[in-house]
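Data block below; observations after.
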Amino acid sequence: MAGRTLYDKLWDDHVVSQRDDGSSLIYIDRHIVHEVTSPQAFEGLRIAGRKPWRTDSVIATPDHNVPTTFNERASGVDGIADPISKIQVKTLDDNCDELGIVEFKINDNRQGIVHVVGPETGGCLPGMTIVCGDSHTSTNGALGALSFGIGTSEVEHVLATQCLVAKKMKNMLIKVDGQLGQGVTAKDVVLAIIAKIGTAGGTGFAIEFGGDVFRAMSMEGRLTVCNMAIEAGARAGMVAVDEITLDYVKGRAFAPKGDHWAMAEARWRELHSDADAVFDEVVELDGAQIKPQVSWGTSPEMVLPVDGVIPDPAQESDGVKAAGVARALEYMGLTPGQKITDIAVDRVFIGSCTNSRIEDIRAAAKVVAGKTKAASVKEAIVVPGSGAVKAEAEAEGLDKIFTAANIEWREPGCSMCLAMNADRLGEGEHCASTSNRNFEGRQGYGGRTHLVSPAMAAAAAISGHFVDIRDWQS
């Protein structure tokens, strides 16, 4: 029998039946729900007279619309100023209460961003199929799981049947060997990958991340990388199970205990690609050559090393690409030949499902300790990804490091990653952001997003412009 990839194993374990059109019916182990893509799904169940098939497979929490300031959060749902946002959060509460679904509500200390809460509670585990009405559900693949985003109609299907019709994707291996240099993080690695293969490079593939760099990477780092597999065009990203995975999962609230843990661990240790597995495509990078990255344009593939200069569309031989570069430069207010380190920032956002875990908060705090936010920076905010992250950071005194630097410490939520709540950019403002998308208007109408690591964002908050974190740390 031919060797199988990690994705092959996860897929095969969950196929219920194969259909004549080449698609399969697959079983879903875990369903994560938030307030934005679930209301129509719950209403569809209600209209059809159906109930969720397995309420114990569902975990819900509001994240996109929740305010992140202490004053707003003190009033719970009533503190949400926007009426549409308030309705969405209240509707999630009502649906979960009615159907008996576990929900971490707005003032529950377990509330947070779905892609942070799932792994940290043990709600998402190795070997699972995991879905959520959110494209960044790929995050959970870092645990050795098959995890991907679905649409609202599919949310209803999974609630009703615990199954989903899907077509198997092709296999891609992205292998990064060598050792990362000082100041180079998981965020820089995934941005470098996207710069290399483009935002369509992973289309139709499930990506496995392998090689020396990922074997040495923390679970928080792996979660960051798999989170942005979708920005590389793939629906799912994943990393093989190893000791780092098992150490992370063990003891978490929903993780197996006692004899069940021993059985689960034995099974999970098989979740890796076989030595003779064949991938449809293999991409290789040298980790030692990756530098701290900064996005300059309006697509996650428009990324440069921090010591780079803004490209000139006149030097682009492909007319379509040249037009895209020109359009991006116009929107971003940048000029060809401008140094990345000469770009001034108006706001700084450290948070999102990409970079709001405790490792990210620690990295940012290390940079700003004993310093003060630049006067030219209008606002810098740090938004932990969950109540658990917030509590851990506060226990370590990290919140006080930020506030002493005139950087705001907030409540958990998606925040400035997307303009669906009160945290957003003004027109023309440049933001050093640890989020995952830099599309036009993503963080607010006319806002200009630069994707960076937490350390790079923190350094920009202090300096007022981008700096090479390697020099900062030397």
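Quick reminder: no glycine exception, Cβ is built from N, Cα and C everywhere.
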Can you match one of Cys353, Cys431 to the [4Fe-4S] cluster site that Swiss-Prot gives for Cys414, Cys417?
Cys353
Around the Cβ of Cys353 ([4Fe-4S] cluster binding site), the count of other Cβ atoms that are within 10 Å:
27
In the same chain, which residues outside the set Cys353, Cys414, Cys417 have their CB within 8 A of the centroid of the CB atoms that define the [4Fe-4S] cluster site?
Asp63, His64, Ile113, His115, His136, Gly351, Ser352, Thr354, Ser356, Gly413, Ser415, Leu418, Ser435, Asn436
